[in-house]
Amino acid sequence: MATRTTSAPKGTGRGSSGSKAGSSTGRGTGSTASKAARGGSSSTARTRQLPAVEHHQPWLLRVVGGAWLGVGHLVGGGVRRIGHDVSDLPAEDRRDGAALFNLALGIFIATFAWWGLTGWFPDAVYAVVNGTFGWISLLLPLMLFVCAFRLFRQPSDGRGNNRVGIGFLIMTFAGCGLAHILGGQPTVADGFDGLRKAGGMLGFLAAAPLAAIHPAVPAGLYGLLAFISLLIITATPFTAIPRRLRGAYEHLMGIDLMDQEHSGDAHDRSYLERPAPAAPKKKKRKLFGKNGESEAGLEGYVGDEAFEHAVIDDDEREPARPAPGVRRPTQAEIAVEKIKAAQGLGPAPQASPPENATEAIPLVIPGAAAPGKPGAAAPTVPSNPVAPAPPPVPIPQRTEQLSLAGDVTYTLPASDYLTPGSIPKERTEANDAVVAALTDTLTQFNVDATVTGFSRGPTVTRYEIELSPGTKVERVTALSKNISYAVASSDVRILSPIPGKSAIGIEIPNTDRETVSLGDVLRSQNARRTDHPMVMGVGKDVEGGYVVANLAKMPHLLVAGATGAGKSSFVNSMITSILMRATPDEVRMVMVDPKRVELTAYEGVPHLITPIITNPKKAAEALQWVVREMDARYDDLANYGFKHIDDFNKAVRAGKVQPPVDSKRVIRPYPYLLVIVDELADLMMVAPRDVEDSIVRITQLARAAGIHLVLATQRPSVDVVTGLIKANVPSRMAFATSSVTDSRVVLDQPGAEKLIGQGDALFLPMGASKAMRVQGAWVTESEIHKVVEHVKGQLQATYRDDVAAEAPKKQIDDDIGDDLEVLLQATELVVTTQFGSTSMLQRKLRVGFAKAGRLMDLLESRGVVGPSEGSKARDVLVKPDDLAAVLAAMKGQEAPAAADSQTAALSDNANANIAQGGYAEDLVAADLDNRKQNVEYYDGSDSAPGGHGDDEDGSEDAWSLTGR
Ligand SMILES: Nc1ncnc2c1ncn2[C@@H]1O[C@H](COP(=O)(O)OP(=O)(O)OP(=O)(O)O)[C@@H](O)[C@H]1O
């Protein structure tokens, strides 16, 4: 009390606040902690008082204190470097003074208890210590060393340190009692020597009164107490004892290693060490390997994969908390089961054999009482232990992909270009304070619910609340404003329930956010689980797990958020991920950056197919080029009978795709094509119809062609992200939006408006029902520069000049050339028969296959027929009645008056064709030229190449695009 009176701010006239503080402290740890959580004035006042206290310290004390701390920091620095390095602990979190004290005391006691140092001073202290604790004093240095080690390395884990300290105290007490019984129950009358050889004075006082009843009473009681203290120190709940014992046994016997070999780790190791391919049976099954191809070779197709999803799963992540009475098997148990199964001794392991135990590891919070259960301690369980930052193991180099087409050797960037991030904190005092504040709030409002744990992510911590039976969920959700008030944060988000758990989640921003480095995400087990070139590091989720996703499976992504929310940083992480993992032969990119600044760093990387496009008009044209590229790829897929480009590529690599006889075409695997638009709004302003049409066309079909769109915008309004675009872009990444309306546009649900910006995002990959909160991966400018310099040093960019070039406006006649006559005949034939078949043109007009295909393309571009539909005949869009008008328009004559409407309809058709799959009139020439530039023209014999001569749409066979 005296301290509080002196430390209250002087002369501020706030005597009442001082006394209020006094009373609140009197309520115990919980309320003090809740005040800390509320931060603001109380904590500020407290920090302000400190210098005043220090000022009044005598100088000698300050010098000695400073020296002590100096030595503490020195020793602490060394201890923190041992094993798993935690040397970058923030200075304000350290407790080196207290740790050094424990260490010094331990050494001091050890000098005489262990090493028998004599002298008047050690003898005197020995007499005191040994007289008090008996031979248990031998163990004291050990306990003090453990405490010192924890305080040096985990000073912020206050509750954990207290737990260990309390455990040791109980253990000492119980040990002395036991030692007294085992030492023959000496009495004081027998002399102190007898007491010293037993449990000392403490043991005598603890055990003698009970021994009067029967010696078995203190023996049993203190034996039990010693056992309990062991559980407290090791944070082992009763229910987990068998599991821990088995775990320890298996660890000692080396069974855990076998377990790893049998499970995911083996895959990772094999990844690094590249064992001979002859031992796949023990490997975890990996369905899709490089370029999404099946490891099983050509037998597997992309379409074999059920429940496809974009996020690379974290097998090691704790699954949902098991229902009461059901326990998940441990890794070790699974290993044992597997071994038994392999030996024919038992069935293969089940995913979750029911057993009567739970997994929770309660950590007791002193003073934090569970609501509705007065006096009961609320256990706090980090529901999902935070994954430590992955050790800086280099991202494995994929040697098999290092040679590019044309015998170019390509080395992927070294993983140390991306620096490791800060070590994640598992739990800080702020977390404990929030737990106390939440508990207080629930108690105040008489809600029968308990804060059962929390998981700390980089940006927010999710606290879990479990309701007592009969308590309504609404009773907690209705408290959202009170909770915000109690924790002094307006960004509280309530999840009811946490997906996969019977618990309510309350997400509260961390006062000490952590940066998620892209390097760490790409080095994580999840990222190393696959070497698919389209995998990107997304960030870290609320449970501290690394989120890694495959862009090819999204298959298109909308990134939206207010300015400064972190979109561009996300796009940077995405591009850098690709540059780190993929060669230009595997992934090519088209970057559209109307803002002109965001993506300039990537100019010149060999993955680009065209220089970065900054002009919105050209960007719209580039999208149309993508449509054409997609169509060309589809033609190949249709001609060679594949449904997905991965399967086609696989067949090409296996030499199973041969170009048509007489063709000079060299068929190469198609790279994935990633089209990144950094500001969609700018494009939509210039050419909304064209852009929307192209996007819709690409998004509807491009997945199988290996073409993927990423559309970013800071204006997620309905005029930018139109209904059509939304319907076709299934994956969403929402950064903080300025309104709930914007959140609904992006995610179809509210939530993004509650995000706290700077990389805090809700990720909704295709197929997921609930958005996942992630802190986006962060990559610095200098890291980007290093990576870009490296890849530019490997290979020069070779741009295609037709992507964003002005589409040449050719005259119709030029386009048709000498073929006008035959085109007119073809038109007549198709319109009168209402049958859009290339083979028919070939037969009736007696033209070669290639020419029939070209005529069909011209008819499509002029809106006479619809787009190719594989082997089916094309739709005929012109009625026989309108034939005259169409023919006149083709000849360049004025359309007959009666046919005016048809001419208009014709041009409408042509426009509509853009959306439906055809090309606008003025793009046709570019398209054809484009194909000619990149293809070997199959100068057709009458039979279709590649054995597809009977296809109705055989024209498509005549044009073969050379894979780049
Ligand atoms: N993942 C992240 N981790 C840490 N900080 C981030 C992250 N993402 C963004 N930031 C911080 O937020 C700032 C703004 O981010 P960014 O430029 O990506 O926003 P934006 O949404 O692209 O904004 P604009 O639309 O105005 O370009 C960055 O400079 C950085 O300081």
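Using N, Cα and C of the backbone, Cβ positions are placed for all residues, glycine too.
Automatic prediction, not curation, is the source of TrEMBL annotations.
For reference, TrEMBL has these:
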type	residues	note
REGION	1-49	region 'Disordered'
TRANSMEM	100-121	transmembrane segment
TRANSMEM	133-152	transmembrane segment
TRANSMEM	164-182	transmembrane segment
TRANSMEM	194-213	transmembrane segment
TRANSMEM	220-241	transmembrane segment
REGION	264-290	region 'Disordered'
REGION	312-331	region 'Disordered'
REGION	371-397	region 'Disordered'
COMPBIAS	385-395	compositional bias 'Pro residues'
BINDING	GLY561, ALA562, THR563, GLY564, ALA565, GLY566, LYS567, SER568	ATP binding site
REGION	935-964	region 'Disordered'
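In three-state terms derived from DSSP, ALA565 (ATP binding site) belongs to neither a helical nor a strand segment and is classed as coil. Of the listed binding-site residues THR563, SER568, the Cβ environment within 10 Å is emptiest of other Cβ atoms at THR563.
Compute the center of the Cβ atoms of GLY561, ALA562, THR563, GLY564, ALA565, GLY566, LYS567, SER568, which mark the site for ATP; besides them, the chain residues with Cβ within 8 Å of that center are GLN714, PHE735, ALA736, GLY757. Cβ-based neighbour count (10 Å, all protein chains) for ALA565 (ATP binding site) stands at 26. Ranking the binding-site residues GLY561, GLY564, GLY566 by other CB atoms within 10 A of the CB puts GLY564 at the bottom.
The transmembrane segment (133-152) makes no contact with the transmembrane segment (220-241): fewer than 3 of their CB pairs lie within 8 A, with pairs spaced 6 or more apart in sequence.
Sequence-distant contacts of the transmembrane segment (194-213), counting only residues of its own chain at least 6 positions beyond either end whose CB sits under 8 Å from a CB of the stretch, comprise 130-137, 172-173, 175-188, 221-222. Counting every protein chain shown, the number of other Cβ atoms lying within 10 Å of the Cβ of LYS567 (ATP binding site) is 25.
The Cβ of ALA562 (ATP binding site) lies under 8 Å from the Cβ of GLN714, PHE735, ALA736, THR737, SER738, ASP742, GLY757, each of which sits 6+ residues away along the same chain.
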